[in-house]
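Structure first, commentary second.
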Amino acid sequence: MWSGAGSGMCLLLGATGVGKTLLVKRLQKLSSRDGKGDLGDLAPTRPTVGTNLTDIVAQRRITIRELGGCMGPIWSSYYGNCHSLLFMVDTSNPTQLSASCVQLLALLSAEQLAEASVLILFNKIDLPCYMTIEEIKSLIRLPDLIACAKQNITTVEISAWKGTGLSEVLRWLEDTHRMNG
């Protein structure tokens, strides 16, 4: 897998349509503004079929490898050299929640990801039909997952669309890759 001095690899995973591509584009814009200012117009996105590599340059270069949700069956072939993992859940899509939970369980039990720091992103909190963090935690038994996982797990509620919580995501990436990079 890819590796470079002073850099880190981060995987961005989640089901199709959860907002991964928009998140990466918004983080890239946010990092270029030092976390300040307007994020500007929304960049057009379409479902990722395959993989996208994006560099976020904050205190150091962090490469985010976004894998399309349709690639779930082969995600494991990308686990090598993964310092951190962003896992995105669509809080407005309750029918997708059980599949996301199964994906998350598989990620947390993967031996190659045992040392990776994990940030679970609960996206689309700007939509009127989103599930609250309490509802999701209960449905996927998040406290139990966290208690049994080998990884250090953090959660954050975000809106990639409006930019809510993205500075927290950027700060988490910087802190995680400062420690692991």
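The backbone N, Cα and C atoms fix where each Cβ goes, and this holds for glycine too.
Within the same chain, residues at least six positions away from Lys20 (GTP binding site) with a Cβ under 8 Å of its Cβ are Leu12, Leu13, Gly14, Thr48, Glu66, Gly69, Met88. Feature annotation from TrEMBL assigns GTP binding site to Gly14, Ala15, Thr16, Gly17, Val18, Gly19, Lys20, Thr21, Gly69, Asn123, Lys124, Ile125, Asp126.
The Mg(2+) binding site feature in TrEMBL is assigned to Thr21, Thr48. Note on Thr48 (Mg(2+) binding site): other Cβ atoms within 10 Å of its Cβ, all shown chains, come to 18.
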Chain-internal residues, separated by at least six, CB under 8 A from Asp126 (GTP binding site): Ser159, Trp161, Lys162, Thr164
Residue, out of the binding-site residues Gly14, Gly69, whose Cβ gathers the largest set of other Cβ atoms within 10 Å: Gly14
Sparsest Cβ surroundings (other CB atoms within 10 Å) among the binding-site residues Val18, Thr21, Lys124: Thr21
Recorded GTP site residues Gly14, Ala15, Thr16, Gly17, Val18, Gly19, Lys20, Thr21, Gly69, Asn123, Lys124, Ile125, Asp126, farthest C-alpha pair in Å: 22
